[in-house]
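Read the structure below first, then the notes.
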Amino acid sequence: MSNKDLPSHDFYQSLTHLTLSVYMKGYGVEGIKDNVKVEFDTRKITINLPALPSSPGAEGRTINFEPLYDGIDTEGSTYRVLNTKIEIKLLKINPINWPSLLSDANSNSLPAGPSSSSSSQTTTTAPAPAPVEATPTATATMESKKKEKKNWDKVLEDELVEDQSDDKDPNSGGDTALQKFFSQIYGNADPDTRRAMIKSFTESGGTTLSTDWSNIGKERTPVRPPEGMEEKKL
């Protein structure tokens, strides 16, 4: 399977982890989700999908993401099957930001770093490349990447839908999990996104949270009480 044939997906990351979302419907129901298997190799993710009852005659299939940009710890990487996606959390071997999920398919070298202690295979580590002096062009490219904004509203909406629709331990989520997710968004956001979050949440009395400063910055955010309730002014 070539990279262009892969299903819709995106990812976000920290220096230690990368979370990949592969958008696929129909695999999160009982009796199906337990048959979805994700296997991890040092620079490869293999997703084994069962046949769906809703597609008579269809067979199961396998999806491969390879080669990954850098090595992963196979024992520390995990996954979960949700209603609209398969979420895969990778533990990086090297604490670096990946500019892309996959590396050049023609490159077989593995970036320098320690290998997973759980692997029985011996991997030859390529020498680290010499430091490259920043040039005006490289600096402009880096500045351009900094200006790119992640659609946090979409990420927030998807996460809230999954948290509400999945069968979970009621004691494991709630306000604590939601607060943790908000903190993650705020910590990775640019200044305009943070301003939008604070302004919308404060002005709406905690009933609205937006990351779009271009709209939130123009006027006061109204209070939107939950269905069946009404706002009472003190």
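Glycine is no exception: its Cβ is also placed from the backbone N, Cα and C atoms.
Caution: TrEMBL annotation is automatic and unverified by curators.
Here the structure is a predicted model, which means the values were calculated and not measured.
Features as listed in TrEMBL:
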type: DOMAIN; residues: 4-102; note: domain 'CS'
type: COMPBIAS; residues: 107-141; note: compositional bias 'Low complexity'
type: REGION; residues: 107-151; note: region 'Disordered'
type: DOMAIN; residues: 141-234; note: domain 'SGS'
type: COMPBIAS; residues: 201-214; note: compositional bias 'Polar residues'
type: REGION; residues: 201-234; note: region 'Disordered'
type: COMPBIAS; residues: 217-234; note: compositional bias 'Basic and acidic residues'
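Here the domain 'CS' (4-102) is broken down by DSSP into helix, strand and coil counts: 5 helix, 48 strand, 46 coil. Within the compositional bias 'Polar residues' (201-214), the DSSP-based counts of helix, strand and coil residues read 5 helix, 0 strand, 9 coil.
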